[in-house]
Ligand SMILES: Nc1nc2c(ncn2[C@@H]2O[C@H](COP(=O)(O)OP(=O)(O)OP(=O)(O)O)[C@@H](O)[C@H]2O)c(=O)[nH]1
């Protein structure tokens, strides 16, 4: 029963009770007014009050019992309903029997109190009231008890003769029997009524228990679609309280589309008048759609007219989603490109998909019931498979590459992922293996590896792979304490083969040479081709130098083996540079570079040979390079200076000139003498720039002295290489042009290292052209070098300079003296001037004058000095009379 109708009923019952109570008070008080006896009135009033309180108490008790227990659970309600349903008859409470006795006795007391003014007939009629009340409240037995008590009261107290159980009058007896019959009839009828009400109650309670206890939504709508009833499960679906839903229709609860759909279904069912079960989709505002399995049917009135609709909806959203997921999983399983295999916990294949069949060749029926070992390739040992199962049992999954075997026997690589699928209790239900064939990927990887690491022409490892193998070989050599040799091999005159035959046949030769070399290599050796006609051999585990040389000779012989190009056998040689590790303890790249350097030396030494790289000479070369770099920097930063050494006429003491001599004023090492750095400069790229700097600086100084009034010949040394450099003449011309006030006839260039003049004709041409500018030349260090006479004859020089080593020794060593004498004679014979250097004492000077050489320079006269000191020296020289009179 709803709250609304219940309130209505309670109101109605209360009103009826109030009306009856008012009627009772009004009528009974009206009856009292007919009495004149005051004491009788008091008795009657008390009896009336007792009767009223008794009846009211009985009704109040019954009403309180009818109030349902608010705290009773749904389970209690269901149990209560079931108990009601199972007991069709109501049980009677003991209090009903008390009422059945008390009520007639109360009436008897009233009757006695009013002095029996009421007739016997009226008393019998009045006694029907307690009988009816007792029967209605307590059922048949309280009704019969009330009837019996009333019959006894009437028989004993009311019917004459009173106070006896005898009835004289036949009419009284008839009335008495009538009272009993009425009482019995009322009792039976009220019991029937009570039982039928009780059954109806039980049924309603059962229905209520089902409706409110079910998890399905249960609802009833009227003909216009308004909800008349909805249970809590239904209210939950709607998302509102059940009381709020009652009276609303679907259009005010659901979004328009859902509402219209429900309305259409409801209308169709009510129109058909038949119950139907179907699926409905319901979407609440702002929520996901929900799926329901719904049974709807018409509600009919007693005439069979459809007056509404009932519905029972079961939420099947989760089931639908699970079905969808299952369907999707099945589609994935069937259409997956990857092979899928399901294996039972006892490792038996239970299901496979079409991709499995495509990859392995086994159909479902062939694979089902088999062990996964069916696919085993035999390439992996038991440890490998144990590791897989260990990983699955520990981590639930294994993933990796594995070789398997197809039905046709072909072994192929696959990427396999195996997962264990546990149930809710954690017990493994099955294993799922997902795999795909990676043979193509592997083939591509191998092809890429070949491209990346091998020379496409000869199939030999390329530079990258060589580098890796070299690193490994060094590590191995370190570990085993062995040596290894890196042998850089370059074919000799390969270009000629290409030109003479064709590049294609050149390629054939390269392939042939590589094959011949491969024949003689040991298992751990590597032959790599770097490109062109360059190969590298990595010879590991070399015991000693002798073994290495033996191997290298075999290599040269193998290269020399004839290779047939077209129909012609062609032989070629090779030059090899070899670096040995750990004799040359450097990294892999440097080891290769050293071998390369040594190969160039082998070429220079005449080809078809090998040259062993020497770390010591390399170290010296390295130092030489570093020193040259410093000298280069010194030139750039203007750290070189010229010192000047005077040349004098020993006979008259005149200062005939000065020689510019190079010094390095290093900020780190101080003044560095040329003996320390000139050997490094000789033959280097720095030789010409420094030579040019010397000439320019000397010309600048000559100009300064010119302005200071000194009329001097200024000379500087010129190396053979500088003289033979391409633009020596042009550079000299430009330098002279920059100092126009300096007369070229005052400039002298002393040609050094005449023995190093490679191209005599060019030297002669250059000297001739420079002489045309007015420049003078002398031959420095004359007397040293085995071909000085040839130079003297050929080179257009004005002056010979006797090397200081002879001059210094001439006083003690007759050979030196003879050489000095010869040079002086030669100069005279060839009509050249002569000057001696290395004059350290006046005795040297005197001897030279004696021999006919009057010009000299040396420490005895003056040490080389900075240009600024020259004027001061000139002043001092004038007063040193002894030197000025050597000729006298
Ligand atoms: N057939 C062929 N020739 C190549 C290939 N790569 C480079 N060359 C040629 O190989 C020759 C290599 O010459 P070089 O090593 O510089 O000189 P060479 O003629 O061998 O003389 P030397 O090395 O000084 O003894 C060049 O003419 C290149 O054009 C190739 O793959 N095939």
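Cβ atoms are placed via backbone N, Cα and C, with glycine included.
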From 126-159, 194-227, the residue range that TrEMBL assigns the feature transmembrane segment: 126-159
Of 6-28, 236-258, the range TrEMBL labels transmembrane segment: 6-28
Annotated range (TrEMBL: transmembrane segment) out of 174-193, 274-293: 174-193
Of the residue ranges 30-48, 49-67, the one that TrEMBL records as transmembrane segment: 49-67
Same-chain residues near the transmembrane segment (94-114), Cβ under 8 Å, at least 6 residues beyond its ends: 31, 35, 40, 43-44, 46-48, 50-51, 54-55, 58, 61, 123, 126-127, 129-131, 133-134, 137-139, 141-143, 145-146, 149-150, 153, 157-158
DSSP-assigned states of the domain 'PAC' (398-450) in counts, ordered helix, strand, coil: 12 helix, 30 strand, 11 coil
Remote residues contacting the transmembrane segment (126-159) - C-beta distance under 8 A, at least 6 residues beyond either end: 55, 58, 62, 90, 92-93, 96-97, 99-101, 103-108, 111-112, 116, 118, 120, 165, 167, 169, 172, 176, 179-180, 182-184, 186-191, 193-194
Integer mean pLDDT for the domain 'EAL' (624-878): 91
Same-chain residue ranges lying at least 6 outside the transmembrane segment (6-28) that approach it to Cβ under 8 Å: 48, 52, 56, 59, 63
